[in-house]
Amino acid sequence: MRVLGIETSCDETAVAVLDNGKNVVVNFTVSQIEIHQKFGGVVPEVAARHHLKNLPILLKKAFEKVPPETVDVVAATYGPGLIGALLVGLSAAKGLAISLEKPFVGVNHVEAHVQAVFLANPDLKPPLVVLMVSGGHTQLMKVNEDYSMEVLGETLDDSAGEAFDKVARLLGLGYPGGPVIDRVAKKGDPEKYSFPRPMLDDDSYNFSFAGLKTSVLYFLQREKDYKVEDVAASFQKAVVDILVEKTFRLARNLGIRKIAFVGGVAANSMLREEVRKRAERWNYEVFFPPLELCTDNALMVAKAGYEKAKRGMFSPLNLNADPNLNV
């Protein structure tokens, strides 16, 4: 089964073709990071306009390598995300499905990120615990043996990625905050400053990062003699401590020995290092997608579309974009 995947939920325009849920035929992504850097974050209207510009170009490139008539299923993200951005990819996918007379599958963006880890690890079988951590989401999930997903914890305010972006802005480091803090923190001392770990001792599996961000703000207003590298490292350490502790606690309480980390923040080097240390110490199996599958991409959409199509779970052509779609 050949699936064409389209991703336009935020600021990456992506098109991919995947055969039988595992063989990559085409994979194109155009990032808008440089465009949004001057604004300090993603501007929804600007993102949508660039999707309109970039998507036809990527589809043309894809169909130069893959004859359109060989596509069996068309899949696209329909939520969650930015409504204008979502509509670009969703509308294109429906139009292609109609013109090619092929079935259409709407894909949940969060579920697609989870599928990225199965794409990268074909022999991986559930059940497993998954931490989805990105600029828009911080969720702890259980993937059941039938591949259904349950959200067991989530952020009550800012996502971890959003906290990275806001603290990077406070430190004058620019956008996007995750990669730049990761890079700058390598030169700093993560034990230099003690920032709070909100909800770390809470019995739930929920998160809160707004207070941590505010603590950094008050620190910067109060202190005059500090190194940006030390603040970045200490902030990053606080975030990583929260994410790692909550994730392993859930796995331990569920009796599950396999844990996956997906989403843009899963590319963070300190997170990966701390996770691997703890997994080795406590004998857990941990899985990360390769870096190129952590950020938004169309391969994960094609994979999710394949899994749904395999089960006959096609979508109606009147499916609408849902910016607040839940798992």
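Just so you know, glycine gets a Cβ as well, placed from its N, Cα and C.
In Swiss-Prot, the substrate site is described by Met132, Val133, Ser134, Gly135, Gly136, Asp165, Gly178, Asp182, and among Asn54, Asn108, Asn253, Asn268 the residue recorded at this site is Asn268. The record assigns Met132, Val133, Ser134, Gly135, Gly136, Asp165, Gly178, Asp182, Asn268 to the substrate site; their largest pairwise CA distance measures 18 Å. Within 8 Å of the centroid of the Cβ atoms of His109, His113, Asp296, where the record puts Fe cation, the same chain has further Cβ atoms from Glu7, Ser9, Thr77, Val110, Ala112, Ser134, Gly263, Asn297, Met300, Val301. In this structure the C-alpha atoms belonging to Ser134 (substrate binding site) and His113 (Fe cation binding site) are separated by 10 Å. Applying an 8 A CB threshold to same-chain residues 6+ apart, the list for Gly178 (substrate binding site) reads Gly135, Gly161, Phe164, Asp165, Ala168, Gly264, Val265, Ala267, Asn268.
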